[in-house]
């Protein structure tokens, strides 16, 4: 796909994310807790997630009718794993949204196979539009962004998340957390992997790691970090991470962060 085509797609993705974001923001004004469905005690979904996804899918079908879909709420799961696919999280940070914590986003990406070509994350409450095209850099509201210049864990601020299912590895995860708390300026848990990755790309965080993620949680964010000059791998250090569920993203501290994760995760 030509670069000009990707630029056009990126512009249309931004428009779609903006429209979905406006719907999500407007619905929050009249949101009611009875509308929440529980996939599990800490895995929630609302009618807002579902309606936003339908809006997004209808728009993206017009942009690339032949592309498949990988979506969080299952509106249009028609993926061709070797071809072009839209990867959609209509509302990343649903629990934050339900509790009126202003940290949630729309995350949209176009991938070919395991390679993300275009990524857009719209941080709704603060009106920040993060965009990236493969080979074209990363931007926030049109301004070029780069990862931070920290060189060691000792001068870093990190972000992480916790899984909402498959808790059998939490003992290892907590050991990683305990170690990193003692070796960094601190860790943050914002509740939106998309925004965490966007913040790594922007240089606010030096690194981010999490497990049991889905492709829609991180597709756009992975491209943002890479285009901002960062490194993204799974917990083993492989760049085959889009559908693996494990992600470590960072600037120059990535190597040291990955080593610390491996020390506990694989022992």
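Keep in mind that glycine also has a Cβ here, set from the backbone N, Cα and C atoms.
Any TrEMBL annotation is an automated prediction that lacks curation.
The model shown is predicted, which means the values in this text are computed figures rather than measured ones.
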Inset, instruction - Report the candidate from 196, 206, 217 that shares the Mg(2+) site with 72, 89, 91, 92, as recorded in TrEMBL. - result: 217
Inset, instruction - Count the Cβ atoms, other than its own, that fall within 10 Å of the Cβ of residue 217 (Mg(2+) binding site), considering every protein chain shown. - result: 24
Inset, instruction - Around the recorded Mg(2+) site, report the further residues of that chain (criterion: Cβ within 8 Å of the mean position of the Cβ atoms of 72, 89, 91, 92, 217; site residues excluded), sequence-ordered. - result: 49, 88, 90, 93, 94, 105, 107, 194, 214, 216
